[in-house]
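*Asks:* My questions all concern the structure below.
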Amino acid sequence: MKGLTLSPTNHCFPNLPGKIPTTDPQPLQKCYPIQSITKHRRQSLILPSIAVKSSQNPHQFPPIQQHDSPPLVVVGSANADIYVEIDRLPKEGETISASNGQTLAGGKGANQAACGGKLSYPTYFVGQVGEDAHGNLIAEALRNGGVRLDHLRNVGDGVPTGHAVVMLQSGGQNSIIIVGGANMSCWPEKLGDQDLEIVKNAGIVLLQREIPDSVNIQVAQAAKDAGVSVILDAGGMDTPIPAELLRSVDIFSPNETELARITEMPTESFEQIEEAVKKCHNMGIKQVLLKLGSKGSALFVEGEKPIKQPIIPAARVLDTTGAGDTFTASFAVALVEGKSKEECLKFAAAAASLCVQVKGAIPSMPDRASVTDLLQTAQVS
């Protein structure tokens, strides 16, 4: 996947605490009060089993989960993905026709939150959208995925929701142009107590680089002080990652291209990858969760032998958009549920395999039953 990030809008104003407007007359039900969530430290991530209540609306998936596990908290971006299906990328100065086009909810943060919700794990999303149709589209997609929207803010005042143009080619490969919009504008200089409190009481926190580094740093430091594990997805801005951010994360998750850019080292072979990961360790990163596309994935823990996970082959590949976000979020869910590192990698590989078989980012996120069934099938074969 190739990506290009455009400069954010210059609109800015004091942050407003209001919630995202919704076309659903019923507000989110049974959101967990912050004070009722038990704080879990890094060494205490084994959680009770999940009990799911049937949804009254058969078109709303998944239903609200009925358990008191500390939530997955995703702080990050929300985009409207404008898809155009093309046979090839246009040449300079050339105009070509798309065979199809549609707008779907996406953005790395929203993707990861939707994945957590669809895997039937209690998930909160902290992010910003504009007061426009794209913002409503994203809110509806997250709500239907079971994500709590208490911390999704509408920045209003003419700031558009972030959006991306996804040029999808045959074979599922894509090139993406991102417009930051509300993702990069008007965040408060200091995050509010409510946002930081949900972070401090999380089971695990996911971050990406499609929002300002200053926001990620505040969240990561708050989580670290509370003993909450943080995974930083390297996707997003291609600027240098601040050292104070890296020092506050537990797991750093790039793909091989991002690893090469960050370390300024080649990553064409596994031996080269190992050397690049060593440089990450020297930068203070203890664990590197590496996404290797068709070559699978690997987890590098400083001082330990790397754990490799091959892909679980997909029946067909329609769209790779969101596959990395699905992998990272699925790994996080498995980790907070107390699975072993090997089990986490397998669970994430199965989820990513299902993701690439459906067009769109959030629409392609798999449910838990599908992931479990695929794992069982893969073990038998």
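Every residue, even glycine, has its Cβ placed from backbone N, Cα and C.
Those TrEMBL annotations? Automatic predictions, nothing curated.
In case it helps, TrEMBL gives these features for our protein:
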ACT_SITE  Asp325  active site, proton acceptor
BINDING   Asn79, Ala80, Asp81, Gly107, Lys108, Gly109, Ala110, Asn111, Glu210, Asp325  substrate binding site
BINDING   Asn255, Lys291, Leu292, Gly293, Ser294, Lys295, Gly296, Gly324, Asp325  ATP binding site
BINDING   Asp319, Thr321, Cys355, Val358, Gly360, Ser364  K(+) binding site
DOMAIN    72-367  domain 'Carbohydrate kinase PfkB'
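Can you walk me through where each of these features ends up in the structure?
*Replies:* For Ser294 (ATP binding site), the Cβ neighbour count at a 10 Å cut-off comes to 9, with all displayed protein chains included.
Take the CB of Thr321 (K(+) binding site) and look out to 10 A: across all protein chains shown you find 29 other CB atoms.
This prediction places the mean pLDDT of the domain 'Carbohydrate kinase PfkB' (72-367) at 94.
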*Asks:* Name the one residue among Asn255, Leu292, Asp325, Gly360, Ser364 whose Cα is closest in three-dimensional space to that of Ala110 (substrate binding site); these are the recorded positions.
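*Replies:* Given the candidates Asn255, Leu292, Asp325, Gly360, Ser364, the nearest one is Asp325.
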*Asks:* Near Asp325 (active site, proton acceptor), how many other Cβ atoms are within 10 Å of its Cβ?
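*Replies:* Asp325 (active site, proton acceptor): 32 neighbouring Cβ atoms within 10 Å.
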*Asks:* Out of Asn79, Asp81, Glu210, Asn255, Gly296, which of these binding-site residues is nearest Val358 (K(+) binding site) by C-alpha distance?
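*Replies:* Out of the listed candidates, the nearest Cα belongs to Asp81.
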*Asks:* Of all the binding-site residues here, Asn79, Asn255, Ser364, which one's CB has the most other CB atoms within 10 A?
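*Replies:* By the 10 Å Cβ neighbour count, Asn79 comes out on top.
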